[in-house]
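A.B. asks: Structure below; questions to follow.
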Amino acid sequence: MPVESGSSAAARQAKQKRKSHSLSIRRTNSTEQDRSGLQRDMLEGQDSKLPLSLRSNLLDLFSQIEREFENLYIENLELRREIETLNDRLAAEGQTFEGADLAKGALKTKASHSTSQLSQKLKTTYKASTSKIVSSFKATTSRAVCQLVREYVGHRDGIWDLSVTRTQPVVLGTASADHTAMLWSIETGKCLLKYLGHQGSVNSIKFHPTEQMALTASGDQTAHIWRYMVQLPTPQPVADISQTPCEDDVDFSDKDEADGEVEGPNDCPSVRTAVTTLRSHQGVVIAADWLVGGKQVVTASWDRAANLYDVETSELVHSLTGHDQELTHCCTHPTQRLVVTSSRDTTFRLWDFRDPSIHSVNVFQGHTDTVTSAVFTVGDNVVSGSDDRTVKVWDLKNMRSPIATIRTDSAVNRISVSVNQRIIALPHDNRQVRLFDMSGVRLARLPRSNRQGHRRMVCCSAWCEDNTSCNLFTCGFDRQAIGWNINIPALLQEK
């Protein structure tokens, strides 16, 4: 058996001393040494097939992992204190954010990562708080106010269209599926005259620009021109209705109110005979309008054609064909011989009759569903609405693409544009009415609840530019027309 030399024994002792010294450096205090020794004794006392040296190494590794987690835990405690300090500073400025959420969950592995998340959270909180401040400032400085002034009730079926006279006396006209058209006193809500000449649904009504004549289109495949004479009753005091901010009323119920037969005004005078009957269409006449000057009218039909008539002779001047499907609406320019027709073929067409010898047509394909209406403004714009839930504003000088697009949550019916304020009124299938400016900025939504507003689809809107108690009218399939007073602050319109 070999004998160990003195130098070899000294080297082995020095190596053990260095190993013992390195292990002692890893121990932070005597408590950890006692705990490690206790754990080592427990390992030795347990039955295991692993060699004792391997089990000892595993114990050392687990101890190191535990110390790493302790360091991370201390680091997170320091981060929590920093968050509390920041919260105190933010609270002094009226802003707070939930720092506790940042510290919850798994322990952070790097202080830089935690700091990055903290910075992002602070930025988000600052932006949100700033937005709230700006929004509250806008709401208090320029609030649109919409007041329901009067309801016009008397039709026995849904109201498709309405219009306001352009001459004195100023009255409201409505066209209904009950085969009648009615004229109403705007200030009293009383029916002044009922037209009974049609044999089908009356789909539209428009008034002559200078005379007391009305033009109505019907499902009986005709359009009628008839004269009216009305005497306005003495205005009565308007009931005290509190002014309602346009955005505050919310519809909490889809429940329709009583749908029983509405008693029409029995004492209302009636007219049964038309001055002129226009008969050239082979389908429902859905809309009609007067050209500038009132000597010609244009009609739109489900037979896919629009007809231009001479009022005095009742003769057909032009048949405007080209649409692939039924027409839905027609409108004339207030100062020029221009006509725009809308169709279910997703297009609207601009017809130019300014040159008597020839008329031109332009086709516009800006929508993806039925174009329900397209109307002119006093300027050089056309506004189109569609079942694709959009409204688009076009420039007549360059109609390759719209200059503004309004996206909504419901199909849009017959729109109207205010001459003075240039505000677009959008009646919707979902019973709402929204107001936008020509740039596509939303200005207001008319109040709607169980007690005021429309209870069914809103079919049409019409502005009144005269000095009356109502400056906007809407009608719907709930058999009533409603007069509104809309007050849009100038600051809100200029934004």
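Including glycine, each Cβ sits where the backbone N, Cα and C put it.
Pulled these features from TrEMBL for this protein:
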| type | residues | note |
| --- | --- | --- |
| REGION | 1-40 | region 'Disordered' |
| COMPBIAS | 22-31 | compositional bias 'Polar residues' |
| COILED | 62-96 | coiled coil |
| REPEAT | 152-194 | repeat 'WD' |
| REPEAT | 195-226 | repeat 'WD' |
| REPEAT | 278-319 | repeat 'WD' |
| REPEAT | 320-361 | repeat 'WD' |
| REPEAT | 364-404 | repeat 'WD' |
A.B. asks: Please give the sequence-distant neighbours of the repeat 'WD' (320-361): residues at least 6 beyond its ends with Cβ less than 8 Å from one of its Cβ atoms.
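C.D. replies: For the repeat 'WD' (320-361), the nonlocal Cβ contacts are 283, 286-292, 298-308, 367-376, 378, 382, 384, 386, 388, 396, 399, 414, 419.
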A.B. asks: Looking only at the repeat 'WD' (278-319), what are its DSSP counts of helix, strand and coil residues?
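C.D. replies: Within the repeat 'WD' (278-319) the tally stands at 0 helix, 22 strand, 20 coil.
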A.B. asks: Taking a Cβ cut-off under 8 Å, which residues six or more beyond the ends of the repeat 'WD' (278-319) line up next to it in the same chain?
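C.D. replies: Same-chain residues near the repeat 'WD' (278-319) but 6 or more away: 161, 200, 203-204, 206-211, 213, 215-219, 221-225, 325-337, 339, 341-343, 351, 353, 359.
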A.B. asks: Looking only at the repeat 'WD' (152-194), what are its DSSP counts of helix, strand and coil residues?
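C.D. replies: Across the repeat 'WD' (152-194), DSSP assigns the residues as follows: 0 helix, 23 strand, 20 coil.
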A.B. asks: Where DSSP helix means H, G or I and strand means E or B, what are the helix, strand and coil counts for the repeat 'WD' (195-226)?
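C.D. replies: Across the repeat 'WD' (195-226), the residues distribute as 0 helix, 17 strand, 15 coil.
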A.B. asks: Averaged over the whole of the repeat 'WD' (152-194), what is the pLDDT?
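C.D. replies: The answer is 95, the mean pLDDT of the model over that range.
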